[in-house]
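Visitor: One structure, pasted below without further comment.
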Amino acid sequence: MDNVLQVDSDLFPNISTNTSEPNQFVQPAWQIVLWAAAYTVIVVTSVVGNVVVMWIILAHKRMRTVTNYFLVNLAFAEASMAAFNTVVNFTYAVHNEWYYGLFYCKFHNFFPIAAVFASIYSMTAVAFDRYMAIIHPLQPRLSATATKVVICVIWVLALLLAFPQGYYSTTETMPNRVVCMIEWPEHPNKIYEKVYHICVTVLIYFLPLLVIGYAYTVVGITLWASEIPGDSSDRYHEQVSAKRKVVKMMIVVVCTFAICWLPFHIFFLLPYINPDLYLEKFIQQVYLAIMWLAMSSTMYNPIIYCCLNDRFRLGFKHAFRCCPFISAGDYEGLEMKSTRYLQTQGSVYKVSRLETTVSTVVGAHEEELEDGPKTTPSSLDLTSNGSSRSDSKTMTESFSFYSNMLS
């Protein structure tokens, strides 16, 4: 790989370097200042925003639900990558010289793969949870313990996938500078790095996005393409509306990730088509822009949560209540308002000519109602023809942010 790609690449520095060449990528000071400001925005926004997301969930007992644990894992992975890799990657890309030693060279090439893997498979787990909750509501849901086990498995697989790149990373002293690079085992066709590169790209991008796309397509057809019965209860309308809002929010999260990382993956597939492209002097600016877009994916989720979810918005307002231009809202009063199902009941609705079943099953110790006004009906008419009914007992308990989120 040529100079700029060898030193710049976080995830796939997989092309050999001509180490005899001097550093040809030198930028004027004003460009460095602009890029530094742009990358600083990512670090500050991502770290602060994702830490607040973790606080909103973990500091409020009823936010500690199955799906929200995956959101905590997602926030942790993104905040960690922003904190540990963004600044280092920027300085390396700008100066084309490695200042941080062998250990951090290995970590710098190792951790981003693990973090991206953990991020995208946390989103996949959320998509699977939404799929099961809406398409197969009568099936058993993950317990809190099982959810933590799944998160641990995600990280174990992430670390295993990233291990080869960290293991083969090394520093090399050139005539005027030190570079961080990956020395793959010798092979005439560089088969090891090519296979690894393709496997990583498939596993951390195309495969999970394919699974997520299928899950949300089926969920979307169920929630939007089906006709809501005209005589169904207000509670049913509220639940369907709430589920739609949640799915919309998660689709925005996934699409944002896909858009941010697509140019990055395309960029590192180009050496197999036109290796000489990386010898162009303008390629450093292209790389800085592409890397900024990829790294910026770590800062958007807190903004999306705040914009599209009332409870997260309230949590952010409370977290930043000391700011003079932010109204904290009725945080204390809102904590006293929540409606939760205490009995596990199946609410089955026959929807549209396809007889699509949309069931709502709420665990006695787990999920809570999502959006909409909180009511306490003693009996609900559950089908379009009124032939099936189920009594649901409810009671008012203290507020949970999650009552607006992902039941």
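Any Cβ shown, glycine's included, is placed from N, Cα and C.
Pulled these features from Swiss-Prot for this protein:
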type     : residues      : note
TOPO_DOM : 1-31          : topological domain 'Extracellular'
TRANSMEM : 32-54         : transmembrane segment
TRANSMEM : 65-86         : transmembrane segment
TOPO_DOM : 87-106        : topological domain 'Extracellular'
DISULFID : CYS105-CYS180 : disulfide bond
TRANSMEM : 107-128       : transmembrane segment
TRANSMEM : 149-169       : transmembrane segment
TOPO_DOM : 170-194       : topological domain 'Extracellular'
TRANSMEM : 195-219       : transmembrane segment
TRANSMEM : 249-270       : transmembrane segment
TOPO_DOM : 271-283       : topological domain 'Extracellular'
TRANSMEM : 284-308       : transmembrane segment
LIPID    : CYS322        : S-palmitoyl cysteine
COMPBIAS : 375-394       : compositional bias 'Polar residues'
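Could you place the listed features in the three-dimensional structure?
Guide: Remote same-chain partners of the transmembrane segment (32-54), defined as residues 6 or more beyond its termini with a Cβ less than 8 Å from a stretch Cβ, comprise 71-72, 75-76, 78-79, 82-83, 86-87, 90, 94, 288, 292, 295-296, 298-299, 301-303, 305, 312, 315-316, 319.
Secondary structure of the topological domain 'Extracellular' (87-106) per DSSP (helix as H, G, I; strand as E, B; remaining residues coil): 15 helix, 0 strand, 5 coil.
Other Cβ atoms within 10 Å of the Cβ of CYS180 (disulfide bond) number 26 in total over all chains.
If one looks beyond the transmembrane segment (107-128) by at least 6 residues along the same chain, the residues whose Cβ comes under 8 Å of a Cβ in the stretch are 9-11, 13, 67, 70-71, 73-74, 76-78, 80-81, 84-85, 88-89, 92, 100, 150-151, 154-155, 157-159, 161-163, 165-166, 169, 180, 182, 200, 203-205, 208-209, 211-212, 215-216, 250, 253-254, 257, 261, 406.
Counting same-chain residues at least six beyond the ends of the transmembrane segment (149-169), those with a Cβ under 8 angstroms from any Cβ of the stretch are 11, 69-70, 73, 105-115, 117-118, 121-122, 125, 142, 180-185, 196, 199-200, 203-204.
Here the transmembrane segment (195-219) has long-range neighbours at 11-12, 14, 113, 116-117, 120-121, 123-124, 127-128, 130-131, 134-135, 161, 164-165, 184, 247, 250-251, 254, 258, 261-262, 265, 268-269, meaning same-chain residues at least 6 beyond its ends whose C-beta is under 8 angstroms from one of its own.
Beyond its flanks by at least six residues, the transmembrane segment (249-270) meets 9, 11-12, 14, 116, 119-120, 123, 126-127, 130, 197, 201, 205, 209, 212, 216, 220, 277-278, 286-287, 290-291, 293-294, 296-297, 300-301, 304-305, 308-309 of its own chain at Cβ-Cβ distances under 8 Å.
Using a Cβ-Cβ cut-off under 8 Å and counting only residues 6 or more beyond its ends in the same chain, the transmembrane segment (284-308) has close neighbours at 4-5, 8, 10, 25, 27, 31, 35, 38-39, 41-42, 45-46, 49-50, 52-53, 74-75, 78-79, 81-82, 85-86, 89-90, 93-94, 245, 248-249, 252-253, 256-257, 260-261, 263-264, 267, 316.
Under 8 Å, Cβ to Cβ, and six or more positions away along its own chain, CYS322 (S-palmitoyl cysteine) finds no residue.
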Visitor: Can you count the other CB atoms that lie within 10 A of the CB of CYS105 (disulfide bond)?
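Guide: Its Cβ shell of radius 10 Å holds 23 other Cβ atoms.
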